[in-house]
Amino acid sequence: MQERKYNPKDIESKWQQFWTEHKSFEPFDIDIATSDSMKKKYILSMFPYPSGAIHMGHVRNYCIGDALARNYRQNGYNVLHPMGWDAFGMPAENAAIKHKTHPKTWTYSNIDTMRKELATLGLSFSKEREFATSDAIYTRFEQEFFIKMWERGLIYRKEAYLNWCPKDKTILANEQVIEGKCWRCDTPVVQKQMFQYYIKITDYADELLECLNKLEGHWPSQVLSMQRNWIGKSKGLSFTFDFSVDSLQKLGNGKVKLEVFTTRPDTIYGVTYCAVAPEHPIVQQLIENKSLDESVIKSIEAIKNTTARARAMSEKVGFDLGVYVIHPLTQEKLPVWVANFVLMDYGSGAVMSVPMHDERDFEFAKTYALPFKCVLTKEIDGEEPTQEICAAYEEGFLINSGEFSGMSSSQAKERIIAHFENASIGKGITNYRLRDWGVSRQRYWGAPIPMVHCQSCGIVPEKIENLPITLPEDVVIDGEGNPLDKHLVWKDCLCPKCGKKAQRESDTMDTFIQSSWYFLRYSTPRKLWEKQAFDKESLTYWLNVDEYIGGIEHAILHLLYARFWTKVLRDLGYIEIDEPFANLLTQGMVLKDGAKMSKSKGNIVNPNELIAHYGADTARLFVLFAAPPTRELEWNDKAVEGAHRFLKRLWERAEHIESCTQKPHINHKTLQKNEQYARQKVYEALQKSNEIFSKKQSGYAFNTLIAASMEAFNALNEQENPLVWTEGYFVLLHILEPIVPHICWELSEQYFRRCNFAPLSVDKDALTKESVIYAITINGKKRAEVEMPLGLSKEEIIIQAKESVPKWLEGVEILKEIIVPNKLVNLVVK
């Protein structure tokens, strides 16, 4: 008998080479799959940015997806499980400056490195469909989409105050500003007025919101809630305040009014002041008309240079503008303030302030000693609260509100909106928190925006036949501004419309555009990539993505944009689906010492070192066993060693297997008890595997599947029947192949010619129990365990229970006898 020494390095390199040479994981052509009536599964883990090295978060993400893909292949599905690279972005330019290299060179070198590192994990990717988003052919179709959206009116260009990163020298979307800092480099963000291109994601706000209902039960509720809140649909009243006569003189404009939007028209009688954003036009009018002190102007400019999120986090700051508006119902004069909590890009950039019933307004009014007025009570005919601020910011019943007093908030909202509409001084409208998506970036390493600036024609899209507009490679990247803006040879071009001299747009696209449609591109075979963005037949066959795996941090960035882009491409006629991802799994972070792994904390675990020391199967087993996929995973060196020991034992004990090409037939009733128990545990593990993969129990709780397999293996070790051993391995290698593929392929090849990597059914006879273990407790404390035959009467169960604990029943009175069928007997005594 050959020596059973487990050598993962040799086994894993052998099978990785085999899978590559035989293209083992390429999906079948759809005509073959369709003719064979094969069901499809599209399994996709979010693709990585090629930073240069994989980390444990990558390992966990891709092992989860790989386990799903391998299981579905075993069960006869045609599986698409692709991989690619989210390759554009600022880090490549930063590296170019630091290492004196070209961003393209740095990026593609990193891709080569990470591709090799991921290959050592034995991931079953479709290598034929791999691409990087920086590939020219990918950019070509992305630019085509941009042009089609421009022609459809879904893209426009305007000047606005934008989030500007002084270090990276680029615009950031609101979502890319984290606590007032750049999401990439952590530099404090300032506001800068610039032209940029916007995509009208707001045109799809209602559909994006409504379609979330279709995803209930298929996406995590937290992600759905985050997207609903980000879209932020609210209904309310839009109306205008007239300025007082003396204020109009200060403004230098006799016709200006102050437009506001409120979701709480029921509190309109509680307005004691109005607040405007520092960018509001009336502020500029007051400055131009020299109606503000220089010190106030400087303070307002300082607020302008603060990001929206930083304003929200900071203390409430404002300045009295010295002008007044007239309350449309009470005719009271109300002061107008500029305030840091009012944003120009939400609503009209002005708000009515009700300090008694709004926490933010209250804080501001308290700071600047502005008046309060209570117009709501909790109960009908309730007394006006004596405390400084009403306990309810919520709805209630109106007081001090003229003809609307006594009404509930909901009734008053409708009546007040109707009153304003009948008087033609306002109207009920729907508003959204969602803003149009600013997609211009002042950087080199991105997809060029395919627009041309012509003095005669204005802004003109490039001709489709001239695409792709590629990046020049002879650029100087020194960290100062946009290298494309300085490359005059590249910028100079002819106008696609009139043929005169013109200049290319030097801004590049936000990299979230690239990740908004990559999952659609995978559906098309490589041989068709040059001809079209998508092959419709292939796309119809593969989409939706059946399982999409990635971090919850992408909930309101990538996932919202991907849903939006899918709907746009549908409306442009490229695709026919409404939603891209049928199911979403958000995996938890990998922690060490209770914190997320990072270089700054010094708690990094290098996957390459882990694989070199223990093997890929050990790494895979650990990350899938240590915690359910959706939970955080705490690194544990001892657990890694334990995973390796299990695989070593699995390898060594294979000496008991007899070669065969089909599962042995065993008469369960003729076996000894320990043999029956081993078979029972083996088929319980198979049943658990089937349930986890088919019913997605607990978000694919692989840890319970692995635990059941280990329990079955231990039970096999307690018996010596070679047929039971052989059947046990036949089934266990089938169960574990998605988790630890290398060792399973090697053992299966040696003993079963890989015939066990096909659908297996549970032997119900093996699961039939003739007896059950009862825990016997006295006053809730476990005192014994008793094996009892199934089918006993309650009286018989109690008799056996009492016989098992005689010393605990001496000198006591039994007050109550409780039976939990097939589990427990509790005797309550005194």
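Placement of Cβ uses the backbone N, Cα and C atoms for every residue, glycine included.
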Subject >> Of 261-265, 401-405, 501-505, 596-600, the range Swiss-Prot labels motif ''KMSKS' region' >> reply: 596-600
Original post:
To which of the residue ranges 48-58, 92-102, 224-234 does Swiss-Prot assign the term motif ''HIGH' region'?
Top reply: 48-58
Subject >> Three-class DSSP secondary structure - K599 (ATP binding site) >> reply: coil
Subject >> Cβ neighbour count within 10 Å of K599 (ATP binding site) >> reply: 8
